[in-house]
Each structure stands twice: as structure tokens, then as C-alpha cells.
Amino acid sequence: MEAITFTARKHPFPNEVSVDFGLQLVGSLPVHSLTTMPMLPWVVAEVRRLSGQCSKKEPRTKQVRLWVSPSGLRCEPDLEKSQPWDPLICSSIFECKPQRVHKLIHNSHDPSYFACLIKEDAAHRQSLCYVFKADDQTKVPEIISSIRQAGKIARQEELRCPSEFDDTFAKKFEVLFCGRVTVAHKKAPPALIDECIEKFNHVSCGRRTDWEAPTGQPSAPGPRPMRKSFSQPGLRSLAFRKEFQDASLRSSTFSSFDNDIENHLIGGHNVVQPTDMEENRTMLFTIGQSEVYLISPDTKKIALEKNFKEISFCSQGIRHVDHFGFICRECSGGGSGGFHFVCYVFQCTNEALVDEIMMTLKQAFTVAAVQQTAKAPAQLCEGCPLQGLHKLCERIEGMNSSKTKLELQKHLTTLTNQEQATIFEEVQKLRPRNEQRENELIISFLRCLYEEKQKEHSHTGEPKQTLQVAAENIGSDLPPSASRFRLDSLKNRAKRSLTESLESILSRGNKARGLQDHSASVDLDSSTSSTLSNTSKELSMGDKEAFPVSETSFKLLGSSDDLSSDSEGHIAEESALLSPQQAFRRRANTLSHFPVECPAPPEPAQSSPGVSQRKLMRYHSVSTETPHERNVDHLPGGESQGCPGQPSAPPPPRLNPSASSPNFFKYLKHNSSGEQSGNAVPKSVSYRNALRKKLHSSSSVPNFLKFLAPVDENNTCDFKNTNRDFESKANHLGDTDGTPVKTRRHSWRQQIFLRVATPQKACDSPSRYEDYSELGELPPRSPLEPVCEDGPFGPVQEEKRKTSRELRELWKKAILQQILLLRMEKENQKLQASENDLLNKRLKLDYEEITPCLKEVTTVWEKMLSTPGRSKIKFDMEKVHSAVGQGVPRHHRGEIWKFLAEQFHLKHPFPSKQQPKDVPYKELLKKLTSQQHAILIDLGRTFPTHPYFSAQLGAGQLSLYNILKAYSLLDQEVGYCQGLSFVAGILLLHMSEEEAFKMLKFLMFDMGLRKQYRPDMIILQIQMYQLSRLLHDYHRDLYNHLEEHEIGPSLYAAPWFLTVFASQFPLGFVARVFDMIFLQGSEVIFKVALSLLGSHKPLILQHENLETIVDFIKNTLPNLGLVQMEKTISQVFEMDIAKQLQAYEVEYHVLQEELIESSPLSDNQRMEKLEKTNSSLRKQNLDLLEQLQVANARIQSLEATVEKLLTSESKLKQAALTLEVERSALLQMVEELRRQSARPSTPEPDCTQLEPTGD
């Protein structure tokens, strides 16, 4: 037996910068993970005390080596240099990640000691405290700094590089997307899925009827044309109006569920909208560790991505058991910040797959919840036992021994008599030498006591019944100390409840004040941060009272509930379901704009002495009124101009009907002295900031503008109203479109400001009003109003109105520019697409070429490929054979394979009887396959190192999935077999997805590869026998060597046949094998296998056991050199073993029959074998009949060709005779002409009268 040898790694972090320190390990102690920094000095003292109590035989401290690096923290014994490293003896003391070190302490009394607290078990909340001593106390800060820096780097790496397990261990299922449903609540009855499916079918049938109806007839009122959802491509929406009543729905029967859902469906314009049947609705439903993905194999993109926290409900159909759906939260459109609940409905191939999906979802939710709970940081509440110990350690920190002892005695009185007696007895047993040692012992026993209590403690607010039961069981027989302790706890609870009550009262007062301030006045110059902080407190108090946390248990019928249990998610969900008015009232102090759907503006609140209103003074603002105009504003009788309360809708400003009330005049009077009007419109904070920046940024603003009269900041009429205040009173309520243009005067101060501060802009430039867009859609200011000037400066030039011709030219120019931009964008998209295609092709063909193709050979291939109508032209096969032997250019290989397939079809015009149905590729992709699990598993195994297929569910894997899925649907007998993914992958690397599918059909049906993938695998057994016979005939010594060690071809050659060498050999070699398969057929695989084994025969014969021989053939033999590969390819071109393969196949069947006849069997066994033989013979007869039919068809076609050739030959002979007669007649005429030319005296004969003699 050979000895087991291994090499131990001395340095644990060789690839990173690691630091090691020589230290003395004083000891360790398990403590609770809630141990705080004030407790740690007492823990260190306990560890040192326990270390001092060790026996004399054992050393008090242990020499260790501490290795620190960002990837780990490792402590191992420090051996002497003479002692050898033995991994069986010298195991590490502890090893952990540096981010698990959550506390470090340096002892100030003894600087050579330090301790670290390491999280060991997050589930049981256990930590370990290790205490070290350094020989040089000056190095302790360096050690602590190194550990902290390593933890910091490790945490940054975790954030930078997220976990890769989500995609690796994700479960994938193929589903058919049925439709999308908008529901009113995050819960739904189990019958929701069935009702949605029925509605989908009903609407689809109605739409189909509408499409089939003639266009001339008026269409009946029915569902509107289907529209896509804005959130996801190809997803449709259905709305539910009312909320589902969870309690009643769960207690009712299924029939009541049906009626309830029927009542919740919206009629009218919002109708059921299922998906488009013409689109490819198949999706890959991927369940990760914390998310659910919906990937479209057609578009190669993620169609939907939802976190587990967003999914609130999962359910399977009751009547439609092959359907399921889940409800999730989605953001509402329009940027309003709200959300709604959407149910997605899917279909699977069968019920078993739906059950598996539901079980996987439930397990994923459970695991994610456990992980989230484990990751949640442990916190102390006011009632925690360790919190009392923490406060005690804080109080005694820095005290001398005597004062510490007094504090400890006071604290011990709060314990029960039994606990006090136990601690006193334990301390007296150990006989402390001094007060300090006695204090350490008391703290140690208190820590143990409180840690035991902490295990049974439930934090404040957690629904745990143990504390309630314990509180109820407290009797009157408790000692006085315990009663005092109980009294203190009750007082603490009373304080907390009183504080919470006061805070809730104050929050309600803040809400009322916020509503009153909204309707009366808003302090726009107050601090935004203070407002936000106050409002956040108000929301945190008010919302928690208003919305109780709903239960989060799993539902019946395999349904799963919401994973997130935090109150914030429920608060956000419930607040979104409120009316806009309620939401608006709650956030009146913080929102910088009104909600979009506010039904009515809030009425102005009456001024009360209890509510103080701040003054709003803008001393740096510019007044747009003269003193005379301000006096006019305050005339009695309701003539004063005021700005209305602005609702969310944008009507033009109008006078408030209550403007004539006495209170309204009071507000106007206050407004003249700087206070806001009761109807003032609160403006956006961003608008005010922008306006202040605009004014403050101008360095030329004169100082005297500070002393101008303050202007109401809420008066939007000053900004966008085109008329003066005293002039707008008469026509403000009328139609402003028909009024003539009024003049508006600027004061001479305003003219100075407009000319000095912004001289480059006209006074009525639209840019002055860009920052007012958040006020609402008020009537725009007209650029045609002339401005009269009453100051010392001249009139300001107004912009002239453009003529219709100029406007037409501007429109024409804008349209032409837009057309040009669109064309340029299209060209850019085309260029980007072509660039992506080139990059994709380069990525696919990223392999080393075996036989470099010369330029002359490439020219020959390009000439043949560019021949017009090449699919109908037969090329010389000797020329094609020679070209393939000389090499195939890599960038033309896919096109050459299609060319060879076309030549095969021309050579064999009558295909075999087993041709598949001609179903379009796109139609196959729209169906679900039952082979999805096997295909999805093999996707990650197919060329895992190639960049095109390496990405999990990337473009390469999705295209490969589409091809394999389509073939499994096309060929139901074969379906999917392991090995097909490599064949399809090789094809996909050299051509497009649909072309690769066509070539896969050609290889399977025309080239005969389909037989070896049948479920019975009989053809594969025959192929193994044929390979053994070839070895026996061509390489007898190698065959004997393999038989001697009982190595059959199935141990090493099965993947060669099933994957066509693609799973083990380099891609360049496999591509050359495919070149020859397209040219010669499936017998090329035998030739390549025989050539490989024969060329490596000397090396195989050197190995003398089964393991080494098989390992050499599987691992060493595929790593061929370029020379050996070229030699193998050239040998394959010279081989011809077709007759041998046919003879070996017949031999296999004969031997099989002989073995069946010779073996003594019972009657039943003989009957079964005869039946199997009969069925196999029938199959062979059918195959022979097919071959006979093909041969007869070929014979008939050849006979017809011969007949055609004979008839054409007779016609050609007759034509030849006719031409011969005509030729002889012409020759006679030429002779006659020569004779006549020899006799010049005689008259020339008339050539027109000459006729050919004879026939």
C-alpha cells in the first residue's frame, strides 16, 4: 500500500500581504455576543485569573503566532526552529475572517495585554474573548491597528464583490407567462389564479372574434385593443378595485371566493389584458438566494427582477393546477413615489413542476429569512439583563476598589435572596486576597447570571409570551429586595409609557399645527433640516400607531406570505393605500409641492392666539410695487387683491370667495407688516433656494435694495400675473384672453436693478420665470406687454412678435433638425449593432486554428460560396473534398457547413422517411418542453471555460437553451440526451441561432447522428462493438493490452461519440472533425477514434493498470499538439472503413441472435427475449424497408433519367443528320460557285434560284 503524502501550507495567505506577530496567548473565554466595552476589562481580568489558576505542569501562557491579512486571522502555536512542522500536531488555535473581530481592547493598567472579541456562533449569539500578551508593549497598538485595517479592507471587498452563489445555486424553471394583474391588496384568495386565467381566456376569445370580424361593420362594444405595460415588456395589466378582506376570504368557501373576485373585477374601460399570443411568452423563472428573476430567452434580457421582500403572496391554481402566480409590489408611474400590487400569472408543463416551484419558493423564503435574522445586529433594550450589567460597569469604571465594592453591594440588593446567597457562597469559597479580586469575582458571577437570563429574555416590542407568563407568576412571597427590583422595573416602564404618551400627544399637536400652518402660513425661511427631522419623528410615531403590523405567516394551499417583517415596509405599504388628502395632511410640513390628486384645497384656518405665526421678511427682495400701489391694495370693500390657495390642479388665479370676511382683512393687515396671507400658496424649497442664489450671486445688487419694503413670498401673482395689482381687480375674474394689453410701470429703483444686476437680459425674458415652474401651471406671462417708465431712464425695449413666416421658418428648421437627429441616431444604432456583431463573432471564434488556411484556399472557398444560385448547383465533389482537406477558414466555417449540407441534399434528392415535421423555429420556441431540467443542468457544463458560454444565463447559454428546447419539441422520441448540448454549442459558435438549429436537424436526421441518441442506446452499443473490432483488426497488440486490463471502449469512447469529441478535445480540433462529418458522414467519428488510439499506442502500452490507462486516454490524450492534430486529420482523410463498419454491424446482430439461442432459459424468459428479438427484427425490417424504398426511388429516378437521356440522344442524332445534309448542300453550292467563277465569259447564275438538292 502506498504511503499517503501531502504538503501542508505553512503560510496561510501567500497571495496577499500578511503580517505575523509573536505573542503569548493568556487564555480565552466564551461570552455573550452582547458584551459591551465597559464589560471587557472585567472579562480580561477573569481570563488572567483563570490562567493563573492553571497547574504547575502546564504553562500559564502559550507562545503563539498571529497571522493577520484581509482574507483571514489565524492563530497557531509558535514552534521552535528545530522542531519540524507537523500538521497533525500543530493545528491552528483559531482561524476566522477579520470582519468577525468586533471588539478590541488595550489594557491601560498593563499595556502589554490586549484582547479581541470574535463572533463564533451568530445563531446562539456566542463570542470568544482571546487575551494576548506581547513581549514588547510598544507593538500592541500596531497589532490592534493591523487587525482593524484588515477588517476594514475585508468589509470593503465584500461590498465591492458581491456573492457569486446567487446565480450558481439558483433554481431555474421554464414557465409560460399568462398575464399581469393589478390587485388592490398584498393578500389574495387562493382562487385568484383561476379567475385570472378565465378572464384571460375570455378576453383573448373576444379579441380574436373582433379581429375576425369584417372591418366595414361597426364593432360592438367590447374590450379595447391590448396595450403593453409600461413597467415590463410584454406584460399586460388587469385591475382590481376593492381591497380583499383577508379574514372573510380565508374563512369562506371557494364559491364565495369566486363571487368575491368577480365583484372585484373592474368593468368599463379597464379590462383584462393578457399577453399577446403572437409573442414568445416563455420565460426562465429563476429563484436565487434573495431574488426572483424572469429571463426571456428570446430577447436575452431580464424581464422582471423582484426581491423576496417585495413578494407578499404566492399561490397555485385550484382548478388550473398547472398555473401559479405571485403578488409583488411595484412603483406607480408618474414619479409620484407611490406603489401598487401586481399579480403575475404563469403556466408550467404539469402540476409536478408547479409543486416543485412552490416548494422551492417556500424554502428560499425560509432560508432568506433565517439569513436576514442572523445578519441583523444584536441590540440591547432597556429591559435586557446584560443592559443592567453594562450600566453597572459604566458606573464603576474608574472607581477605586472600595467604592466599586460599595456599588456592587448596592447592585446585589436588587437580586433575589437565593441569587445573593449563591454569589456570596461562591465568592467566599475562592477566598479573595483583596477587594479588587473580590470585585472581579462578583462581576464574573454577575456576568454568568445575566447571560443565563439573557437567553430567556425577549426584547421590548417582541411578541414573546415567556416574559408575560413570568410576570404573572410573580407572587407576593418575594423578598423585599425582589419587590424593590420589581418596583424599579415598573417605574421604568411607567416612565417609558408616559414618555411615549407625551410624544404621541405632541406628535398629534404637531400634525394639527402642520395642517393649520399649511392653510394659514408656512415659514419658508426656517431650517429645512429641522423640519425634516421633526417630521420624521412625527411619522415614525403616528404611522406606527395608525398601522399595526400584519402577520407574516405562510398561507394555505402551498402559498407563501411576505418575507419582510419589519414595520417600515408595512407602514409604507399601508400609507400608500390612503386617500391623497390623508397622505397630504400627514406630510403638510415637509412636502415641497402639493400631491397630484388633491381633491380640494384646504380651507384657511382661523388665526388663534395659541398658534404663533412667524413673520416672513425678504429684505433683500425687489419690490415690484410703488408705495401708491401698496396703499391701494388695502382699500376696504373686498377690492384688495389676494392670491388664492393653490390646489394641485392648475386653474388660473382667482379671488377667494371668503376674501371679504373680517378675518381676511386681518390677514391682509398683517401681511402689510410682513406676515403671510391666509391664502398664500406655499412654494417649493428648491425654488426659494434658486431665487436666493440668483439674488445673492449677483455682485452688482445695490445695498439700498435691502431697505425696500418686504414682499410676500407666497404671492405668485407678483411673478406671473401680467397686470398690475390695482389694474387686475376689474378683469381678474373675467376671460383674460380677450382683454387688451395693459401697460405696467416699473419704479426707478427696479430699473436700476434690472439694468445693473442683469443687463444682458430683457426685463420680460422668459428665463426670469424658469424657476417658477414648481408653482403650478399658471397663465404664462405675455412677452408683448409694453412697459411704461416713470424713472429717469428710457423705456425698456420689448421683444417683437414674430410673423407667421418667421414662425414657419423656425418650425421648418426645427423639424429638419429633428429629422437629421433621428437619421443620425439610426445610423449610430446600425453602427453599434454591427460593432456588437463583430465583437460577438470574434468572441465566438476564440479558439486556435488547427490547419491554417492559405490565401489560395480561402479564395477557392470564397469563389464557391459567392456562386449565384449555389443551392441548386452541383459542384465537383473531388474539388470540394480537396478544399476541405487543405483547410477551412475559421470566419467562413459556418457558411461552408451550410454549403456542404446543400451539396448533400443535391446529391441525395430523396431524403429518408424519418424526416421531422417542418415546424418553424419561432413557433417551437413559444411552447414549453418537458426536458427543461436536463437542458438547464447541462447549460453550465457545456464549454464552461469558453467566454461565450461561461456567463450564467448569458446570451450564449440562452441561445443554446433555445436550440436544445426546440429540438426536444421537434423530435419527441429523442427529446434531449446528454451530449447534444456540445454538438449544438459547436454549431452555435459558427452561425446564428436559427441556422444552428437547421444544421442540428441536418446532422441528426440526414447524417445519421440521431440513432445514437435514442433512449434505448442500442446503436451506441453497436458503435462500441464496431470500435473494438476496428482495434482488433488494425491494432491487435493495443486491443490485447486493453482486454488484459478489462478496459472496454465504453469507459473512454462513449463521450467521444455522444459529444463528437467536443467535451474533451480542443475546439480547433473539434471544428476540423465537424468539417469532415459534414463532408463524409458519421463514420468520421470511428476514423478519428481509431487514428487517435493508433498514434498513441506506444504510450498507452507503457501503462500497466486500469486507472492509469483510462486516465491517460481521458486526460492526457486530448491535449494534443498541433502537429499531432494535423497528422490525425490527414490520416482520417485517407481512411475508408465504410465496408468494415457495415460488416461489423451485421456481425453484432448475428452474435446477439446466437447468444439468445444458446443460453438455457425458462419459457417466460425465452418468450420475453423472443418478443424483444421480434421487435428488434421488426425495427430492422422497417429500416430495411425504408432503405429499400429509398433505393427503389433512386432506381426509378435513375431509370427515368436514362429514358430522358435516350430520348435526348435520339433527338440529337436526328439533328446531327439534318445538319450533315445541310452541310453537304452548302458544299455543293460552294463548288458550283467556284466553277462559275472560273468561267468569266458566261453569265453569273442567279443565286436566289439555287435550292439544296436532296434531303
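Cβ atoms here come from the backbone N, Cα and C positions, even for glycine.
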In Swiss-Prot, one of 764-786, 787-809, 1155-1177 is tagged region 'Disordered'. Which stretch would that be?
764-786
If I look at Swiss-Prot, which residue among Ser575, Ser1028, Ser1130, Ser1197 would I find recorded as phosphoserine?
Ser1028
According to Swiss-Prot, one residue in Ser237, Ser315, Ser700 is annotated as phosphoserine; name it.
Ser700
Per Swiss-Prot, the candidate from Ser146, Ser312, Ser882, Ser930 carrying the annotation phosphoserine:
Ser146
What's the CA to CA span in angstrom from Ser146 (phosphoserine) over to Thr1218 (phosphothreonine)?
110
Rank the modified residues Ser146, Thr1218 by the number of other Cβ atoms within 10 Å of each Cβ, and give the residue at the low end.
Thr1218
On the 0 to 100 scale, where does the mean pLDDT of the domain 'Rab-GAP TBC' (887-1081) fall?
93
